[in-house]
Amino acid sequence: MARRPLPRILSNGGARLARSRELARTAADSAGDVLQPLITIARGLRRLAAAGRRRWTGTPKDRRGGVLFLAASVVLVVALVPYGPLLAVISLMAAAAWQGRDRTPPAPKGPDDAQTERLRSLYEALVPYFSLAEDPEPLYAHGGAWEKAFPAYEFDDTGRFAHLVIRYPAYFTDGEAEPRARIEHLLAAKSGRGREYRFSWNEEANHLSVDVLAALPTDIAAQRFVTAPGETVLGFTDPTGVQRTLPLTHGEERRDVPPVVWRTGIRSTEPHLLVLGQPGTGTSTLLRSVALQALHHGDLLIVDGGGTGEYACLTGRDGVLAVECGLTGALTSLEWAAHETERRLISVNRARQEGRPVPDDTKRPLWVFLDRPSAFAHLAAADGRRDPQSLLQVPLRHGRAANVTMVVADQLDALDILSDAVRQHTRARVVLGPATADELTAVLGAPPRTTPVDQVPPGRGYARLGAGPVHRLQVPATPDPYDDATSDAHRQAVLDLLPPRTTPADGERAPVPVEAEAEKISTKKQTAPAESEPGTAGADPEPTPFVGEAASASPAPVPAKAVAAETS
Ligand SMILES: Nc1ncnc2c1ncn2[C@@H]1O[C@H](COP(=O)(O)OP(=O)(O)OP(=O)(O)O)[C@@H](O)[C@H]1O
């Protein structure tokens, strides 16, 4: 499959370059075909000359005179005989052509004994699944011919299958998930555990292709990815799964890797993301990676139910509106996000109705990250307060039109605790870490076409964007730079991506009068409108952020608090 290089701006130039390369390759191939006899003769002459030189150096010095005399006599005779020189040239050319012929030994045809045994045993294992007693001409029968069943196969250096095509009878129920799963399970077991396989069922031709997948790269560190605004790299996948590659740096080395790119914004069909995984599989790391990319073009609000300070490095950074890890702060921030979405929506609609361009204060993307909402749900229930998830309805439902993107992460077993709005509107999905086929199907809406493996590195999983294919995914290493266990290289890579601090963290905050601070932040961010004047609330279609408890909890229109601000 042709790969499209990035950046996009270069795509036309890239296409021209690719066409020129293709032309040059075709010309070289044709020239090679035409010049093949000459090349063979030249190679033969070189070999003859080398052989002559070897012979000459191997001849003892006292016999060299005789050899020279003999050679001179032969030359003389050839020169005197009619057509002698011509015949000599023809003979030399023939000898050179013979010497110059391609001598690479032909690849052994057919499998060796061990490979034959492997193919035969696999064939026998498939007999119960692919045969019927009533079949008069069974493709699969005990002691039958495996050659007809396996039209193509390749082995790797260790003697295990690298590629296999399996024919099966037309009556096999290949349209049903269960019989397919049985075959895939058997093939994975017989072909060697510990590797990942991709199964491609060709229902039209009754063929099944089995391919061994190479491990995804785990050494890619966080970096500035070459993407267009509105594009976010979730991680990296197989080259066959996507049609483009991303140029990456890895220390001194540069390489192109196929990415899983998620598109957000008003034209996105999957405007919100849900990430699920077992504890410790890298969900927070993926959120951090997305947040670092989002910071280039937008503002961020981070609400962390895990409460482990995984986002502390983002606190007070330019573009980060708030990092909240307490219930009150979470409610306040999410309520503000809901109002901000409404405000943007109303503003955009009004501008469109009046035929004006959309106002600038609705254009900058707003990202809301919510890690472990299930933890807040428990806290809120215990405290008799509102579940923060109930505030997500508006950003999730209307966020796309208002340039508001939600990223929600939780543990795999919390799927049932997530609200209907979260489950309905997060059409971009990622599952990280070990998961059963049923769990993957429940979250992604379709099972992956690859076998799960028992041991996966952190950040390994599957991604599905809308109704697209399920991709294998490896998230770039984006660790918490404040974590002692983080390697220096990875820490530095993350620190390099962080924008400068603009708001001091709460602990360092200067005692600014509440009103002055609120006004300052409000002016800077231009996101929340001023509080409605009494009596105008009904007339003003724009909602007022921070009402009730939220308003009393935070006086600023944009919540700007540090992680450790509040832990209740
Ligand atoms: N893509 C990755 N590449 C390398 N290491 C990773 C990756 N993702 C996560 N890790 C490492 O795995 C560990 C757990 O990651 P992380 O905290 O993101 O997981 P989590 O799913 O959020 O866990 P928890 O729910 O316990 O917070 C960390 O040490 C992190 O550095």
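Every residue, even glycine, has its Cβ placed from backbone N, Cα and C.
Annotated ATP binding site per TrEMBL: G277, Q278, P279, G280, T281, G282, T283, S284, in sequence order. G280 (ATP binding site) carries neither a helix nor a strand DSSP state and counts as coil. Counting only same-chain residues six or more apart in sequence, the Cβ atoms lying under 8 angstroms from the Cβ of G280 (ATP binding site) belong to G433, P458.
Residues or ranges marked as compositional bias 'Low complexity' by TrEMBL: 550-568.
Per TrEMBL, domain 'FtsK' is recorded for 257-441.
The feature transmembrane segment is assigned by TrEMBL to 67-98.
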Notebook entry, point to check: Since the record lists G277, P279, G282 as binding-site residues, which of them has the fewest other Cβ atoms within 10 Å of its Cβ?
Noted result: P279
Margin query: Return the residues near T281 (ATP binding site) by Cβ distance under 8 Å, restricted to its own chain and a separation of at least 6 in sequence.
Written below: L432, G433, P434, V456, P458, G459, R460, G461
Notebook entry, point to check: Per residue, counting other C-beta atoms within 10 angstroms of the C-beta, which of the binding-site residues Q278, T283, S284 reaches the highest number?
Noted result: T283
Notebook entry, point to check: What other residues of the same chain, not counting G277, Q278, P279, G280, T281, G282, T283, S284, have a CB atom within 8 A of the CB centroid of the ATP site?
Noted result: T285, Q411, L432, G433, P458
Item checked: Where the C-beta lies under 6 angstroms from ligand 1, the matching binding-site residues among Q278, G280, T283 -> G280, T283
